[in-house]
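Undergrad: Starting off with a structure, shown below.
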Amino acid sequence: MAASVENRRFTHHEPAVNGLVRTFKPVPNSHRSDSPDLGRQIPSSPKKQVATGEDSSSEDENENDYKELIQKGNGELEPSILDPRDEATADNWVERNATMVRLTGKHPFNSEAPLTRLMHHGFITPAPLHYVRNHGPVPKARWEDWSVEVCGLVKRPARFTMDRLVTEFRSREFPVTLVCAGNRRKEQNMVKKTIGFNWGAAGVSTSVWRGVPLRDVLKRCGIFSRGRGAFNVCFEGAEDLPGGGGSKYGTSVKYEMAMDPARDIILGYMQNGERLSPDHGFPVRMIIPGFIGGRMVKWLKRIIVTTKESDNYYHYNDNRVLPSHVDADVAKAEAWWYKPEHIINELNINSVITTPCHEEILPINSWTTQRPYTLRGYAYSGGGRKVTRVEITMNGGEKWRVCALDHPEKPNKYGKYWCWCFWSLEVEVLDLLGAKEIAVRAWDEAHNTQPEKLIWNVMGMMNNCWFRVKTNVCKAHMGEIGIAFEHPTVPGNESGGWMAREKNLETSSDANQSLKKSVSSPFMNTSSKMFSMSEVKKHNSAESAWIIVHGHIYDCTHFLKDHPGGADSILINAGTDCTEEFDAIHSDKAKKMLEDYRIGELITTGYVSDSPNSTVHGASNTSHLAPIKEIAPLRNVALIPGAKIPTKLVYKKSLSHDVRLFRLALPSDDQVLGLPVGKHVFLCATIDDKLCMRAYTPTSTIDEVGYLDLVVKIYFKNSNPRFPNGGLMSQHLDSLPIGSVLHVKGPLGHVEYTGRGNFLVHGEPKFAKRLAMVAGGTGITPIYQVIQAILKDPEDETEMFVVYANRTEDDILLREELDDWAKKHEKLKVWYVVKESKREGWEYSVGYIRESILREHIPEGSDDVLALACGAPSMIEEAVRLNLEKMNYDTKNSLIIF
């Protein structure tokens, strides 16, 4: 049976990550002080219209009905912040909500709220959670300096300041749902890649907008009639964009649309009772209800009345639905972009299932089976058309059930509906148990409905096929059976969703057919174990370390000690999906080795339900919302295990023809890196659209504040016939300009020097009074770090004997520092070995590391000696290990290899 949907009421208390209750206080104004005028009081608009002489209508009577909803939503928001991801971009002054899902990397800022978070706030979306579509940097604007020019086919061209717009024209205020034409695009990208990025199902938001009617402004300026050629009204923004060789963002609407009082088109200057935020077009933008967001120009500067539609690059090369056979090359070659019949203006009908949410598991027990489960979601249509019906099917469309609808808005006086509505349907849990999927479709008053199957187009726009949630029966918790729900995709570039799984299965070998059956069937195929994401997250320690790579789950616990990079290389990713990072740093051989540790597949579900329907003990109905993570203040230590931290290149110096010193500034100038002596970090960069990660040991001291130094050898192209392309990361670093941002992740490594002769190796303590240190090439950096730590502590009496091998004398890294230390400290002895010497008087060894060299320059093996080595594997095995064994070293226990 169906039950009506009510606006949910929420307290201001949310469970924090640690289980404690946190209270969020309302944030009256989250705008940056960099734009001080944002907080100025807006001049009052006239109570009666003064622009056109028309009688004011009753259309404003209900404009204050949403104040309580706005205040409630703002009261549940954490403050917006200056996100570190924006630090090196032109948007580094814009404050943003940290929970927003970024869809295009760091810049430009394109984002949507997590779907559960969006639905939690109900009808009115708080401005910081409203989806954002930016084509470039956010323009910096001041209220008092801004003006909007009206020109073209008008009798009285004018330029209106913001104060004039607000005081000389009546203002309208009403709720409008904005939708990006790319909403749900990722579903299209899973079928075939479009030219657009991965919008999820939250590219939709609703706010209360206040602004000046466009028709009033145009009438004030004396807009010409159609008979005199006024066919189109063009809008142009302020941002500088690259499209078409350089342009502003611009578009247009038909004259009839612009002048239609039923259309409620406004020049918006307030959102939810406050001035627009920078991301949403401060100080003024177009609001065109019922249209796609791409027509609502932000940072509005010009309104031009013309005969022809806008000739702007973005008007023609964006927001089009081309036939499915037309790809990007065909569209360009055959000029499809310029065919007017393919332009998008009004939104189409669409609906989405939001409850059950993605990754939800509904336990099947005596409690849940005795009461119905409520399915929920949203629906919208365009052009002011009312959504009249929403239907659910659980058997592929053979039978449909009509849902209850909740329309929180009132239509305007012309009967137009500008906002989304919410639907709900109560179903029996046993019916869900027998269903393979749940699908939804909506209808509007023009009897438009959603197609069953996805219709691909090159821009991936207006996707409105049935929204399907897959169900699987699984073992949920404590042996309990549950129903796992999976949405088609997750937004952005994150992995997850049943479409990704089915795509992987379609391209997999015949050996994976049993897995395919297990995913497509509502009952588990026990030949392949399935685990939820919440179960994987529990295995994040040395006692049990699981990782996810390409949807497969691997138990790497028994490989921790054998991993060449040390246990930390695994533990830093334990309990997570590390697909991208694994692919970035591992060879095909390593990928094959991983298969030995495969234990099952990911069903991308978590046990704790995100839905209020599954609260077993009557918890608050806010329990379906994922806990809001508190934004912690910047720590004194920069490194956060498992996280990538941004650093900025602030200095670089050539130490030789192929050696560079790079100085990277930490996120805060009062931070230390937080890297234990002997460990290293991954340096992360995107090169040719792929993640590249390389391990480096900083040469700066562990207590250096505000930055870290890396000494890097640059492997140029064609400098080594074995590696004709050179080093990918080192050449990238060498090419970077000052100010570039790189990400660092760590700590990593299995060796840690804790001071005064003490080490932890794979967590086991070791001690030595004397250290035999053997390094080759860039392998000197971790040994250099240990030397530095010992010399820095006056009470550390550990003796050090260094043998350092290189190809030539010019290749010796950090020689000046090593020689200086050796002169000043008797406990440090340094000996160099070079393959070839080009000058006379070379006082060190020539050739390779030999037994005779080691016997002369490092101590004989004994209980108080440890050997440290770092270099090429061939050097370690042939020159170090074999010769140390001849010198009475127990290489299993006394040789530490970085």
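Every residue gets a Cβ built from N, Cα and C, even glycine.
These figures come from a predicted structure and were not determined experimentally.
Swiss-Prot lists these features:
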{"type": "BINDING", "residues": "CYS180", "note": "Mo-molybdopterin binding site"}
{"type": "BINDING", "residues": "HIS563, HIS586", "note": "heme binding site"}
{"type": "BINDING", "residues": "694-697, 711-716, PHE723, 728-730, THR781", "note": "FAD binding site"}
{"type": "COMPBIAS", "residues": "1-15", "note": "compositional bias 'Basic and acidic residues'"}
{"type": "DOMAIN", "residues": "528-603", "note": "domain 'Cytochrome b5 heme-binding'"}
{"type": "DOMAIN", "residues": "642-754", "note": "domain 'FAD-binding FR-type'"}
{"type": "REGION", "residues": "1-65", "note": "region 'Disordered'"}
Undergrad: Using DSSP with the three-state reduction, classify MET729 (FAD binding site) as helix, strand or coil.
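TA: It is helical.
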Undergrad: Given the binding-site residues TYR696, TYR715, PHE723, and counting only Cβ atoms in the protein chains shown, which has the most within 10 Å of its Cβ?
TA: TYR696
Undergrad: Using a 10 Å radius around each Cβ and all protein chains in view, which of these binding-site residues has the most neighbours: HIS563, ARG694, LYS713?
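TA: Neighbour-count leader: ARG694.
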Undergrad: Within the domain 'Cytochrome b5 heme-binding' (528-603), how many residues are helix, strand or coil going by DSSP?
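TA: The breakdown for the domain 'Cytochrome b5 heme-binding' (528-603) reads 30 helix, 20 strand, 26 coil.
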Undergrad: Determine, to the nearest whole angstrom, how far the Cα atom of ARG694 (FAD binding site) is from the Cα atom of HIS563 (heme binding site).
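TA: ARG694 (FAD binding site) to HIS563 (heme binding site), Cα-Cα distance: 16 Å.
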Undergrad: Including all protein chains displayed, how many Cβ atoms other than that of CYS180 (Mo-molybdopterin binding site) lie within 10 Å of its Cβ?
TA: 23
Undergrad: Looking only at MET729, THR781, which of these binding-site residues has the biggest number of Cβ atoms within 10 Å around its Cβ?
TA: THR781
Undergrad: When the pLDDT values for the domain 'FAD-binding FR-type' (642-754) are averaged, what is the result?
TA: 89
